[in-house]
Amino acid sequence: MMSLSHATNPQPKPAAAPHTLAALLAAGGLAGKRVFIRADLNVPQDAAGAITDDTRIRASVPAIAACLQAGAAVMVTSHLGRPQEGAPDPRHSLAPVGRRLSELLGRQVPLLSGWTEGGFQVPPGQVVLLENCRMNTGEKKNSDELAQKMAALCDVYVNDAFGTAHRAEATTHGIARYAPIACAGPLLAAEIDALGKALGQPARPLVAIVAGSKVSTKLTILKSLADKVDNLIVGGGIANTFMLAAGLKIGKSLAEPDLLADARAIIDIMARRGASVPIPVDVVCAKEFSATAAATVKDVKDVADDDMILDIGPKTAAMLAEQLKAAGTIVWNGPVGVFEFDQFGNGTRVLAQAIAESKAFSIAGGGDTLAAIAKHGIADRVGYISTGGGAFLEFLEGKTLPALAVLAQRAAA
């Protein structure tokens, strides 16, 4: 297991390296201790609730298994989706996660609801899954009262959820202030180490793929990357907004016209540095958004008023693939089309294959990105797969992540 103290990253250096679970395990003494693990089990699900990619669940297993082997009484929780606080919601239950975790651990993992007040016992060497932490009132606002209640449940708090490290919530930040011992799990430590080493002095050209439905959710990151990367490939609704900014028609496609000035500014910043935001030359359109919609490839100048752009076209995909194959470092967050529907998945498939074939060091993160990697079977040909989404991108941007900061503060105290 890698220590946070060995990481070289763009973040401000903390006063002290956070304690790690690895160090606690090496020292012994976890036997009989109550260990509370905040994992990131926020996995994608289909309409029926079935898990479509279990990467994050599998990534959580090493910390859980190590604590069980050490004889600890283990409690694990995570968020799943965005349920309303204080209102149990079967649609956001961790039950499917619990079933998969049971299979991976080879033992039954009971699911407990209403757990914040305690009143339950976990025998040493056993594990329970605590229902979706975002159902607890005060979780998202980092309630001090809730944090203290949760801290009272444990002797050791372990944060093994890099994917939520950018959020100051009760299970990622508050509890770490009050638990008797607070430390970083192996996944969290490994994420920071790998990402930091990759970004210390990245091999050039540095190419980033940032895709998603809205520019607004990734505007700060896009602006930051505009100062760093050599090519900024945009996809999804984000690409539509950039196409509008470039004076192209996008029909009735998802876009944010109020952010055209920001998109143009990013294009200009890149151009002044001799870098680029490649704009699609062809796209795949449909008249409706559905799994059965007919797909039509069109040059960008031929997009009709009633068209929806749902993928990049084959010429654009080939052009971007060449950039990826020539890259020194690749950062990937987000599929470039509606890859869940096969007729709009070619762009993502071509870029995924190019990343797999590139000699560049590649790092990829984000739930949909993990699903695309799994779908195309390239996991063993991506340099490092991060289980973080927003945290992954904010780390790349160099922001201080609250969950890491509080662990560093505890270590320094």
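Residue numbering: from 1, along the chain as shown.
The backbone N, Cα and C atoms fix where each Cβ goes, glycine too.
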Out of R107, R167, R177, which does Swiss-Prot tie to the same substrate site as D40, L41, N42, R56, H79, L80, G81, R82, R134? R167
Among E191, E340, find me the residue Swiss-Prot lists at the same ATP site as K218, G366, G367, D368, T369. E340
What is the maximum Cα to Cα distance, in Å and rounded to a whole number, among the residues D40, L41, N42, R56, H79, L80, G81, R82, R134, R167 annotated as binding substrate? 18
Spatially speaking, which of the binding-site residues D40, N42, G81 is closest to T369 (ATP binding site)? Use C-alpha to C-alpha, please. N42
Would you count the other C-beta atoms found within 10 angstroms of the C-beta of K218 (ATP binding site) for me? 20
According to DSSP, which kind of secondary structure is T369 (ATP binding site) found in, if we only use helix, strand and coil? helix
Per the record, ATP is bound by K218, E340, G366, G367, D368, T369: how many Å separate the farthest pair of Cα atoms? 22
One should report the C-alpha separation between G81 (substrate binding site) and D368 (ATP binding site), rounded to whole angstrom, as 14
Around the Cβ of D40 (substrate binding site), how many other Cβ atoms lie within 10 Å? Please give the count over every shown protein chain. 27
